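Data block below; observations after.
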Amino acid sequence: MIPVRFSTLPFLYPINNSSPPQNQSTQKIPVLGFGTWDLSGNTTEAVASAIAAGYRHLDCAKAYGNQKEVAEGIKEGMRRAGIGRGELWVTTKIWGNYHGSKIPEGHNVNLAELDLDYIDLVLMHFPVSSTRTLDYASTWHYMEGLVRENTARFIGISNFNVSMVETLLRNATIVPKVHQMELHPYLPQKDFIAMHKARNIGVTAYAPLGDTHSIYKTMTMSRQNRPPPLLENSVLKDIADARSCTVAQVALAWNMRRGVVVHPKTAQPERMRENFEAYKCKLTADDDGRIDAIEEVNVMRYWNICPTMLGQPCYTGLQDG
């Protein structure tokens, strides 16, 4: 049975899906999480260290290929931190080869790899199946069954565009708890976030520090008007100096101030601590305005595998889609 959970962490906020269609009760999700994408070699130690350092939200996925190592890190991290399962929020995702009626099978694979009895949040990783079909509406029906059978506390989506979200809601019984998407000062997607707030759907950000991973640079190398690396942006650096923060902390704090859950990834203990302390970076309304204005000069989406790997567009109509 899924336990009742309590937390005293200061940077939790409620995501409330209270309007029909419904069924996902108000709960708190740690707004500052730890990403596990592309962790390799020292995955178990990185996850254990993150939990010991205070992280209580882990963002995982079957497609990352490391969930068994993450599972060992969870056990060791909980031991070091002296906490129980009910104090940890685990998010994972189901890849397109388990869409449709295969959702229960994909969910069971995640449960087995993570060695857990339940998952806090299960996301549809992409709206596209492995057969290059946009079958997200029918797939959502099977995801709703995970909540009813009490092995997933909440369900959500990732990498959808406006029309996809609207179509899903027209066919859903349960509103997505969250929508995970690329969000950083070069891709703020303010209108899209406002749409989700109006529909009581939470938002979580991947790549919250922009192009810090080499794969993003490779994927966008051909772009003619590439902005400077996000962590070298002069506006962010100026604000960081003024607020006695690092540039990474400014970028993370800016997203959190607008109600976005972030989960940066790093295996370096010093970076882990730096990112975790982003909630201490106190920005002002003027800082927010200056960061919001960055998109007027620089707009950049770093992750777009939909047309190439998946054979279907995901971001049509969105900022830099």
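Backbone N, Cα and C atoms are what each Cβ position is placed from, and that goes for glycine too.
TrEMBL entries are annotated by machine, without manual review.
Copied from TrEMBL, the annotated features are:
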ACT_SITE  Tyr64  active site, proton donor
BINDING   His125  substrate binding site
DOMAIN    32-295  domain 'NADP-dependent oxidoreductase'
SITE      Lys93  site 'Lowers pKa of active site Tyr'
Are there any residues in the same chain, six or more apart in sequence, whose C-beta is under 8 angstroms from the C-beta of Tyr64 (active site, proton donor), and if so which?
-> Thr36, Trp37, Asp38, Leu39
Look at the recorded positions Lys93, His125 and tell me which residue has the greatest number of other C-beta atoms within 10 angstroms of its C-beta.
-> Lys93
If you measure Lys93 (site 'Lowers pKa of active site Tyr') to the residue listed as 'substrate binding site' at Cα, how many Å is it?
-> 5
